[in-house]
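Going by TrEMBL, these are the annotated features:
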- A:5-195: domain 'Electron transfer flavoprotein alpha/beta-subunit N-terminal' (DOMAIN)
- A:Arg211, A:236-237, A:250-254, A:267-274, A:Asn288: FAD binding site (BINDING)
Amino acid sequence: MARKVLTLAEIRDGSLRNVSFEAIAAAKTIADGGEVVAALVGESVQSYADELIYRGADRVVVVENEKLKNYTPDGFGQALMAVVDAEKPEGIVFGHTALGKDLSPKIATKLNSGLISDVISVEQTGGNFVFTRPIYSGKAFEKKIATDGLIFVTVRPNNIPALERDESRTGNVSSLSVDIKDLRTIVKEIVRKTAEGVDLSEAKVIVAGGRGVKSAEGFEPLKELANVLGGAVGASRGACDAGYCDYSLQIGQTGKVVTPDLYIACGISGAIQHLAGMSNSKVIVAINKDPEANIFKVADYGIVGDLFEVVPLLTEEFKKLKVHS
Amino acid sequence: MNIFVLMKRTFDTEEKIVINNGQVSEDGAEFIINPYDEYAIEEAIQVRDKHGGEITVVTVGNEDAEKELRTALAMGCDKAVLINVEDDVEESDQYTTAKILAEYLKDKNPDLILAGNVAIDGGSGQVGPRVAELLGIPYVTTITKLDIDGGKVMVVRDVEGDEEIIETSLPLLVTAQQGLNEPRYPSLPGIMKAKKKPLEELELDDLDLEEDDVEAKTKTIEIFLPPKKESGKILQGELADQVKELVSLLHTEAKVI
Ligand SMILES: Cc1cc2nc3c(=O)[nH]c(=O)nc-3n(C[C@H](O)[C@H](O)[C@H](O)COP(=O)(O)OP(=O)(O)OC[C@H]3O[C@@H](n4cnc5c(N)ncnc54)[C@H](O)[C@@H]3O)c2cc1C
């Protein structure tokens, strides 16, 4: 049954986030031949609309307002509810990002709807859309369906492939003017702690360091390797607690959950709380000098050795590969 | 100050997960206070100790959750409420839980409600914001700092590693992120005192709710374990050769580079 599905596009560091394209792809599946409408919300965001069309949206609704410069649940909630009221979608897809996690329960509650969050795949069986999501910190999975009207989901970054970009696609871009008022939370300041560049949750390659890295300088060879691979640097809590790097890099149960194509764990023992954040990565490489380290149990490939020897060698070898290919 | 903490009893995910009859088996498993709710409890205690008032810790569950409620009382909460849904609710989701909690809270005039930002078992992170929305109060999720000065509140919110400094006011609901504080362990006198603190048990009836009012809007149709990973390949030989082999495997076998 064809249905109209709404997605919310997210902008970070001046570009649309990849997860927004993945949300469009998921929306397309759920729409089942129906229309995919992308909502674009912010202070001045009109210029991003075409890209959403190229990525598969059939239509874009832009809500611009100076009060939408920073995300707030009230501001974005009012903007999105205005779009929902105008469009009456039967499905909604957000990214499972800080913004998506914060806003989706509010919208779901306003719509008296269920919400299936952190979805990693969508399939159609019978008349139903079945959503798979990790539970118990990734140690198990559940399949869920929406049983009451609206299908509302958030999708985990890096799991549902985005559609091929197609510049020949066209679609209508319209503006909706919304009166944004009574913001009860106000963002006074944003303190940037993460590095510009590759976003950990969306990175295809992550080079992560643990306590075995031994110092802040010890992270340098990991950064070089990540650079060569166009990836991001991550860390265990052990490394963060020891002050070798910022907590914003922490991967695991209390840090970020990542699912890159390639995860290279350097000097990380593989504690269960760390595995919770990375065990669903497609390919895992472990470098550790202790052959008994738990990380080898989840690794596809392992090298037993000193990371300070192995990592620079790896960087050189990947450099050669890049030159040849 | 009238403070409430929303707490969930969770399966300790350090445990091995076993699936029996399509359900995660609870036989012999350890249960704990959801770790993020522990941060919420600790913060509630610090706020009360500074500004005065009373903390009520609330959970939706069954009588087994009394143990975790007692632990929260031993840490320093003043009162506990168990909303026992054992006999009334068969299928529940976040809609169900939020609706029940909001129905309980709506005439309690809370100044501050604290919850964990996510439960480590279900991992949805919906209940806090849903409750705030149902009560018509603002919320801030994944907070790492909370400062209350009269009616004015300053919050630091973790946003994927960056920080937002947010100004807001009471009444307010916040959800706790790691880094907010270091939860205390219950002290021995705390444990003794907890035994005498009030623990009230309610059912849907007491909240004027029918089973239909809280019927779940989503349904779990299957629970399964990740496919068993074949044990990985530990490379052998000279280090330099291992590195060459690894790069070649990643390129040709795993095809990720
Ligand atoms: C409630 C809770 C939540 C937690 N959340 C998280 C989380 O989100 N993320 C997380 O990561 N942890 C988390 N932890 C902590 C976790 O339990 C571990 O303590 C932590 O992951 C250990 O970090 P590590 O592997 O870097 O350090 P260690 O366990 O100390 O391991 C260091 C490893 O480095 C190896 N090594 C040392 N030198 C070298 C060398 N030169 N070359 C190669 N290898 C070397 C050692 O053999 C060892 O295996 C949490 C804990 C709790 C209780």
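A Cβ is built for glycine as well, from the same backbone N, Cα and C atoms used for every other residue.
Overlay of TrEMBL feature records on the structure.
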{"residue": "A:Arg211", "record": "FAD binding site", "Cβ contacts under 8 Å, 6 or more apart": "A:Ser236, A:Gly238, A:Ala239, A:Ala242, A:Tyr244, A:Gly267, A:Ile268, A:Ser269"}
{"residue": "A:Gln250", "record": "FAD binding site", "Cβ contacts under 8 Å, 6 or more apart": "A:Gly234, A:Ala235, A:Ser236, A:Arg237, A:Cys240, A:Lys256"}
{"residue": "A:Gln253", "record": "FAD binding site", "Cβ contacts under 8 Å, 6 or more apart": "A:Ser137, A:Ile272, A:Gln273, A:His274, A:Ala276, A:Gly277"}
{"residue": "A:Ala271", "record": "FAD binding site", "Cβ contacts under 8 Å, 6 or more apart": "A:Ser236, A:Gly238, A:Gly252, A:Asn294"}
Exercise for the section: Could you say whether, by DSSP, A:Gln250 (FAD binding site) belongs to a helix, a strand or a coil region? Expected result: strand
Problem - Among A:Arg211, A:Gln253, A:Ile268, A:Ala271, A:His274 (the binding-site residues), residues with Cβ under 8 Å to chain B, listed in sequence order - result: A:Gln253
Completion exercise
DSSP, reduced to three states, assigns A:Ala271 (FAD binding site) to coil
Exercise for the section: Using the structure shown, find which entry in A:Ile268, A:His274 (the binding-site residues) has the sparsest Cβ neighbourhood within 10 Å. Expected result: A:His274
